[in-house]
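There's a structure below that I have some questions on.
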């Protein structure tokens, strides 16, 4: 058990601008999960460990601790993709990464989508999928079975990380982004081999990429899009960091180079849960607007490249466009809904 004096020393360390050691970060997460951190001190620590000043070492150590507490269960599949990002860009777009998960699955890539209800966006992935009929509160064995039967499964984060309830009240009272907003995409219990991970601020691209590498992701892309989007963007260039060709390297992606039309953020706007569900349905059926469809095509291309299912960006765009045109992604969504209700 971590005593209060030790916790205060960690707070003083972080307030002084120093990063926590990986061991200290692990111990702090264990104390949080055990409910051993007093509320006032917990709030102070969450403020001190500011997301935009966090290190990859702190992220990886906390993520490993969370994943171990959840009971990580690697599938053994040679390729398993997650499209979970940080959310939190505050732009109110429709659920792009959720759409991408179904398109990638329809392209033949096994997908384990980790997600939760809305935190800082209008509608979270869990909200929109539940509205469409996806059963969120399934036993773990059924969640895993869906992956084999359908090719895609959804892991409702609160059901896999119940220990996080200990810090939920403090997070709600603070009402700001904290380290826990960054940990969600890193702690999928099925341990994906590949990931495309959108972040809400450009300064998060490098530390999140390094954290993924420390956690053993075989292939990944971390992205921050033009206009502030936590996805690849049609509004401007997207900053990328990935390990697809060896060590992590950064680059910039321009949608026009892939034959995709520029579009304002307003063209990607979502609404309430019913509106977002309707947009998701139409996009997956191949009936979305040009901007809606092309932002999903662009981000699916990123997912396919990250998973090694496309030889390059243009090949990924072509695969995603063809898949979306025949409505196969909606058939995947319907299959997941049916599986959860049988």
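Here the Cβ of each residue, glycine as well, is placed from N, Cα and C on the backbone.
So Swiss-Prot has the following annotated:
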- 85, 88-89, 93, 95-98, 113-121, 125: 5-phospho-alpha-D-ribose 1-diphosphate binding site (BINDING)
- 85: anthranilate 1 binding site (BINDING)
- 97, 231: Mg(2+) 1 binding site (BINDING)
- 171: anthranilate 2 binding site (BINDING)
- 230, 231: Mg(2+) 2 binding site (BINDING)
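Can you tell me where each of these features sits in this structure?
The C-beta environment of residue 85 (5-phospho-alpha-D-ribose 1-diphosphate binding site), restricted to residues of the same chain at least 6 apart in sequence and closer than 8 Å, consists of 97, 185, 196, 197, 198, 199, 230, 231.
In this structure, residue 85 (5-phospho-alpha-D-ribose 1-diphosphate binding site) belongs to neither helix nor strand by DSSP; it is coil.
In the three-state DSSP scheme, residue 97 (5-phospho-alpha-D-ribose 1-diphosphate binding site) falls into the helix class.
The DSSP secondary structure for residue 171 (anthranilate 2 binding site) is helix. Counting only residues at least six positions away in the same chain, the Cβ atoms of 46, 178, 180 sit under 8 Å from the Cβ of residue 171 (anthranilate 2 binding site).
Following the DSSP three-state reduction, the secondary structure of residue 230 (Mg(2+) 2 binding site) is coil.
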Tell me the coarse DSSP state (helix, strand, coil) of residue 117 (5-phospho-alpha-D-ribose 1-diphosphate binding site).
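In three-state terms, residue 117 (5-phospho-alpha-D-ribose 1-diphosphate binding site) counts as coil.
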If you count the other Cβ atoms within 10 Å of each Cβ, which of the binding-site residues 114, 117 comes out on top?
114
Measure the Cβ-based neighbour count of residue 230 (Mg(2+) 2 binding site), defined as the other Cβ atoms within 10 Å of its Cβ.
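Other Cβ atoms found within 10 Å: 25.
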